[in-house]
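One structure is given below, encoded as C-alpha cells.
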Amino acid sequence: MPNASSWSASSPLLLLWEDSSGTRIFLSLLYAVLAISGTLSNVMVIYLVFSFKKLQTTSNAFIVNGCAADLSVCALWMPQEAVLGLLPPNSSSLRSVEYRLLRGGLLGLGLTVSLASHLLVAFNRYVLITKLPSVYQALYQRRHTGCMIGLSWALALLLVPLLPGLWTPGSGQQPPPRQTDGSSRYTALLLALAVLGQTALLLHCYLGIVRRVRGSAKRVSVLNFHLLHQLPFPAAPPPPRRAQRRLSSVSVLLLCCVFLLGTQPLVWVSLLGFFLRPAPPALQAASWLLLCSLSALNPLLYTWRSEEFR
C-alpha cells in the first residue's frame, strides 16, 4: 500500500512511485492541456488590457495582476510537470533538491498572488457597489492600487520559503525526519486557515454585492462608473429588473462555486491530516490539482460576462 514516504519527488502534486505509466502519461497530458489553455487565456487578457485604454481600469489592474501570477503556474510550472511525469521515477533530474525547490517556489509564488488577487478584485467590486463614489475614488487612487498589488507580491515572497515543504516532503527512498514532517503539518494547517479566511472574505464581498443589487436596483444605476461592465452581471442591453437580479445572482453564484470547488478540497484535506489522520496520497494530489487548475480558469471567470472584453 502506498504511504506518505512513497511519494515521489517527481511532482509537487506528489505522484506515487507505484503509479502506472498510463497514469503518469494521463497526468502529463492533463498538465499539458492546462498549461496551453491557461497560458493562452492569461496572455490574452493581459494583452487586451494593455492594448485598449477602455479596459485600463482599477478592477482590471487586479485581474491582470492575477493573470501574471497565474502565468507562473501555467507557463513555467505546469510544462515542467508535463515533462517530468514522463521521465522514469529514478531519473537524476527528479532527485535534485534545488530543482524541486525551484519548482515549488514557482508554484507557491503563483498561487499565493493569484489568491490574493481574487480577494482584491472582490473587495474592489464590493466597495464600488456598496459604498459612496467618493469613498471608492479616495480608496482606489493610482498610488493605493499600486501599493495593494505590490503587497500581494511581497506577501507571496515572504511565504514562498515555507510552502515547498508541503509538496516536497522528501524522496521516496528516504522518509523525511520527524521534525520536518511536523513542520510540514503545521505549514499545511497555516495554509488551510489562510485559504479558509480568504474564502470567507471573498464570499462576504460577493454576497454583499448580491444583497445590494437585489435590494436596490436604483442604487446600482446611479453609480456612473464604466467599471460596472466588469462585474459578472449583464451590462447591456438591460433585461427586465427581475430577470436582471436573477442573472446577477446566478453569475455570482457560479463564480463562487468554481472558486470553492478549486480551493476547499485542499483546505479540508489539510485540516483532516492535521487533526485526524492524513488523507490518502491520491486525494491530496487531487486537491492540489484542483487548486492549480484555477490558474487556467481565472481569466474566464472574470471576463466571460464582460461586454467590454467580448
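In case you wondered, yes, glycine gets a Cβ from its N, Cα and C as well.
Because the structure is a prediction, the values reported are computed rather than measured.
Summarising the annotation, TrEMBL assigns domain 'G-protein coupled receptors family 1 profile' to 41-302. For 25-50, 62-80, 100-123, 144-167, 187-209, 250-276, 282-304, the entry in TrEMBL reads transmembrane segment.
If you average pLDDT over the domain 'G-protein coupled receptors family 1 profile' (41-302) in this model, you get 78. The stretch in closest packing with the transmembrane segment (100-123), judged by the count of Cβ pairs under 8 Å and taken from 25-50, 187-209, 250-276, 282-304, is 187-209. Comparison of 25-50, 187-209, 282-304 by number of C-beta pairs under 8 angstroms to the transmembrane segment (250-276) places 187-209 first.
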